[in-house]
Amino acid sequence: MAFSDLTSRTVRLYDNWIKDADPRVEDWLLMSSPLPQTIILGFYVYFVTSLGPKLMENRKPFELKKVMITYNFSIVLFSVYMFYEFIMSGWGTGYSFRCDIVDYSQSPTALRMVRTCWLYYFSKFIELLDTIFFILRKKNSQVTFLHVFHHTIMPWTWWFGVKFAAGGLGTFHAFLNTAVHVVMYSYYGLCALGPDYQKYLWWKKYLTSLQLIQFVLITIHISQFFFMEDCKYQFPVFQYIIMSYGCIFLLLFLHFWYRAYTKGQRLPKTVKHGICKNKDH
């Protein structure tokens, strides 16, 4: 009886909560409920931390050079497109970089922002292949807590962002992240091309710095919200989530930076047989 009451209360709570969702995305892929993505991400974590390494234990690593080249440069093109769409749907056409509220109208610009937010959300599932490729290539040491946590928490939290607040100041970190990914995946793509392209990778040592700058800018931008008394942003809870996200990843990347460059435990490695040896993000 107690379980039945708990279930009923949970259903009522969910129904009351979901009524505030954005109706524009109700019928979009993966947007009806958080359950499908939770199942996908749960299996992802299980595969990359347990099942995958076991399946590959007595197998030779896959040779994925051509696949990696195609994948990385495809992500570059996709990221360029999303960056452009974020600019054209708000960040370059009217957003103030301060108190930018969500536009829930059916205007072309508002719908363009919603579509761009969903594309960014969906791109996070495509990027799960980063870890899958590590497993298939038997690069298990690259499957760090930072890597798995980042690839899991981003799509899961972004479902709620798209479902309730697709636009406004809460999308700044996505806008910035697409630009960073253009640089990062360009490096990975060039790296995958092989040793002949090493001369074009002199800037690899700046990748971690670029990500640190990204999280500093995200934290600074979102911190403004807490000092603006008249900001009418519709879902303040997302600002606390983004603030936590920025601080957590800033600390994790600072730890990585210290371990890799100060203590010298994990310096970036060059390519071997045309495949990148280091891919933390």
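Along the chain as shown, the residues are counted starting at 1.
In case you wondered, yes, glycine gets a Cβ from its N, Cα and C as well.
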Membrane topology agreement for G167 and R259 per Swiss-Prot: no
Cysteine from C117, C191, C231 that Swiss-Prot links to C99 by a disulfide bond: C231
57-61, 277-281 - the one Swiss-Prot records as motif 'Di-lysine motif': 277-281
Inter-residue C-alpha distance, H147 (3-oxoeicosanoyl-CoA binding site) and C99 (disulfide bond) (nearest angstrom): 31
Nearest-integer angstrom distance between the alpha carbons (Cα) of Q211 (3-oxoeicosanoyl-CoA binding site) and H150 (active site, nucleophile): 13
Criterion met for the transmembrane segment (28-48) and the transmembrane segment (172-194) (at least three Cβ pairs under 8 Å): no
Recorded stretches the transmembrane segment (143-162) and the transmembrane segment (67-87) touching, at least 3 CB pairs under 8 Å: no
Cα proximity to K204 (3-oxoeicosanoyl-CoA binding site), best match among recorded positions C99, H150, C231: H150
Interface-richest range of 116-136, 172-194, 237-257 toward the transmembrane segment (67-87), CB pairs under 8 Å: 172-194
